[in-house]
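Engineer: Positions annotated as ATP binding site by TrEMBL: A:LYS7, A:PHE8, A:GLY9, A:GLY10, A:THR173, A:ASP174, A:TYR179, A:ARG184. Summarising the annotation, TrEMBL assigns substrate binding site to A:THR47, A:GLU74. Residues annotated as domain 'ACT' in TrEMBL: A:263-346.
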Protein chains: 2
Amino acid sequence: MALIVQKFGGSSVADAAKIRNVANIITRTYDAGNDVVVVLSAQGDTTDDLIEKANEINPNGSKREMDVLLSTGEQISIALAAMCIEKMGYPVISLTGWQVGMETSSDYSRARIRKVEGSRIRKELDKHRIVLVAGFQGINRYGDITTLGRGGSDTTAVALAVALKADLCQIYTDVDGVYTADPRLVPTAKKLDAITYDEMLELASLGAQVLHNRSVELAKRYQIELEVLSSFTGNPGTIVKEVVKMEKTFISGVAQDKKIARVVLVGLEDVPGMAYRVFSLLAKAKINVDVILQSIGRNNTKDITFTIPEGSKDLCQQILEENQETLRYHSMNVSTDVAKVSIVGAGMAENTGIAAAMFEALYNNQINIHMISTSEIKVSVLIDKADSEKAMRAIHDKFFD
Amino acid sequence: MALIVQKFGGSSVADAAKIRNVANIITRTYDAGNDVVVVLSAQGDTTDDLIEKANEINPNGSKREMDVLLSTGEQISIALAAMCIEKMGYPVISLTGWQVGMETSSDYSRARIRKVEGSRIRKELDKHRIVLVAGFQGINRYGDITTLGRGGSDTTAVALAVALKADLCQIYTDVDGVYTADPRLVPTAKKLDAITYDEMLELASLGAQVLHNRSVELAKRYQIELEVLSSFTGNPGTIVKEVVKMEKTFISGVAQDKKIARVVLVGLEDVPGMAYRVFSLLAKAKINVDVILQSIGRNNTKDITFTIPEGSKDLCQQILEENQETLRYHSMNVSTDVAKVSIVGAGMAENTGIAAAMFEALYNNQINIHMISTSEIKVSVLIDKADSEKAMRAIHDKFFD
């Protein structure tokens, strides 16, 4: 007998039929002799509807009151799912964030979990009940309702798995698991049986948003085994854990990110501290800088090229223009006509030739590389946005065919 | 400076515009230098929508889970209203039932308030904040969410007024106050400036549902002054308190109840204990018996006539048929073609002639009286349903013109 935490997202509980489907999965897990704790998100569009109601009244309402408002969405889901499971004749109970002692920081709308008190859940499991917990929400030291922000329900599930020492944390979603590439773009993409925490983190940061990084980081820290799987197909999913038995390929996935902008500062004075000055200005404005490339200077000047999220483009440009005098660069060039394509794999470090094989695939398809960036388990290239899908398929076929 | 508890029902917070109207009333009360605690119901149809969602999944879901579900409605109202008041620049905070320590019995869906802990509200009032409280909900000794059932938010408001020793409890609704008769039926009906708790209780039980009896009983027990008033007109309402200065009329209202059935048991054996047997059977089935009339017997038999709520008719009939052998009555006659019309007034007891004046009004309009029932502050007559409105107007004109 194992203790299993399961999490179902908003699309998995969007209507009565989908809630019945989720109830079937939960009760099958219970019938197999497991203790089952389930985390649910708000139904489909509930959160958006509530935000719309709030905006109509006050688009700048306090985050505290937004959290009071939004936390009702998950509470509705757990009550409805509990009634569905009751109808099937199983013992079940629903619990809110404050009822399970999900203690968080006071940062309304993006609270961090501090501690899961958890005694109430244990008491209910001792009574052999299926326990449904409202995701995304907690309670701070003042007894006020908080919400966890993006990826909140995934994080709730992993935090409960940690607190209850669960054997497995299953994250149910609308895809079958983690793929070697986005199946909508690369028809030959294959589902991975397993992937390491680090690979998952790299893939998530590259735009393959199956799991939110916060939950993966938490699982990695406490070595909670995750499984990403579909609530619709019933197929086995992808296991995320510390060490994965090496398979014959050395990379676990190809991902792209098209929502980026490339900034080039031309003709910066070639003196020490120039890069520091540029990037500390951007850091102060909370602009995430990704790939950075600094050219070798000539005529006592050098160029710095870097990428940022597309949404930060205008702010970045404004900051750099305001500081042109102190930074003393000649000109600035900003383009959103680029994409980043990356390969990720824990086996990469011990294998030379992975990066070269990637470049070869791009060369064979006449795709020009603007920038290259590498880490222990990742190689990223910056290319023209128009080439992105072609590049994905070319690289994928090179490694997985 | 006074402490005022205000309660707004679901129709008063149905949409953004109505919430703004409510926020205006609240902030005006605050600007007048009062401490303000506000109880809100769920928006318009929210509760019905949630019940529909539940029914689609499980029409027999447990009451515990229904309470988890339904309590979200009031939570949404307080968050939205708080954001509206924030926008107007006032200090405000919303609190749920568990946050204000609204401790109740464990009877899910119809919990009784046991105690209001209240320290959180006092703390917020000390910070000069307007406090918005979710009505209708509480928490039981197990830390589970409960709801108070019908009239719940009125009861929440009065219970808070008791716990906080409020100077006044204002119940905002969609009518201007308590009238001498239903203004839709009796165009000459007048609004009362004041009415006693007992009169209000009698009127409510007679179908003039402005305030729920639970909240009036609680207010009477702790001598909390109530005011019933409209959230739309801004007119002064009706004060409900222990003693009301006698006005020139001795009755405070005329009410009717058309949802009743009359049952006649003909030819019961004229032996002791027969009435006891009949009514203990009905009590066991939780059928509320109202007016009872027992004829003088002849030929060693007697007839018993009584009224019950229309909805209990079939059950009552079934029970009496099943027991015809032991009760040994000759025949049973059940009719829903009747209505009860009543006058209520605390001044009635010291004034003879009130009942006679009522009967005179009916006689002058050729309305036949089937049964009569009187109490200290009430006279009720049973008449044909078709005569009900005519009787209301005739009686009203007799006393108030």
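Positions of Cβ are set from backbone N, Cα and C atoms, glycine also.
Just tell me what is around each of these and how deep it sits.
Structural biologist: Close to A:GLY10 (ATP binding site) in the fold, though at least 6 residues off in sequence, lie A:SER41, A:ALA42, A:GLN43, A:GLY44, A:THR46, A:THR47, each with a CB less than 8 Å from its CB.
All protein chains included, A:GLU74 (substrate binding site) registers 32 other Cβ atoms within 10 Å of its own Cβ. A helical conformation is recorded for A:GLU74 (substrate binding site) in the three-state DSSP classification.
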Engineer: Using Cβ atoms only, which residues of the same chain lie under 8 Å from A:THR173 (ATP binding site) while being at least 6 residues apart in sequence?
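Structural biologist: The answer is A:GLY9, A:SER11, A:SER12, A:VAL210, A:VAL228, A:LEU229, A:SER230, A:SER231.
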Engineer: Calculate the distance in Å between the alpha carbons (Cα) of A:TYR179 (ATP binding site) and A:GLU74 (substrate binding site), and round it to a whole number.
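Structural biologist: A:TYR179 (ATP binding site) and A:GLU74 (substrate binding site) have their Cα atoms 29 Å apart.
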Engineer: DSSP on the domain 'ACT' (A:263-346): how many residues come out helix, how many strand, how many coil?
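Structural biologist: DSSP classes over the domain 'ACT' (A:263-346) add up to 29 helix, 32 strand, 23 coil.
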Engineer: Can you tell me the three-state DSSP label for A:ASP174 (ATP binding site)?
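Structural biologist: A:ASP174 (ATP binding site) sits in coil per DSSP, no helix or strand.
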Engineer: Rounded to the nearest Å, what's the C-alpha distance separating A:PHE8 (ATP binding site) and A:GLU74 (substrate binding site)? Just drop the number here, would you?
Structural biologist: 11
Engineer: Measuring Cα to Cα, how many Å separate A:ASP174 (ATP binding site) from A:GLU74 (substrate binding site)?
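Structural biologist: Checking the Cα atoms of A:ASP174 (ATP binding site) and A:GLU74 (substrate binding site) gives a distance of 18 Å.
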Engineer: Between A:GLU74 (substrate binding site) and A:ARG184 (ATP binding site), find the distance joining the two CA atoms and give it rounded to the nearest Å.
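Structural biologist: About 30 Å separate the Cα atoms of these two residues.
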Engineer: Among the binding-site residues listed here (A:LYS7, A:ARG184), identify the one with the smallest other-Cβ count within 10 Å.
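Structural biologist: So among A:LYS7, A:ARG184, the binding-site residues given, the one with the fewest Cβ atoms within 10 Å is A:ARG184.
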Engineer: Can you count the other CB atoms that lie within 10 A of the CB of A:ASP174 (ATP binding site)?
Structural biologist: 13
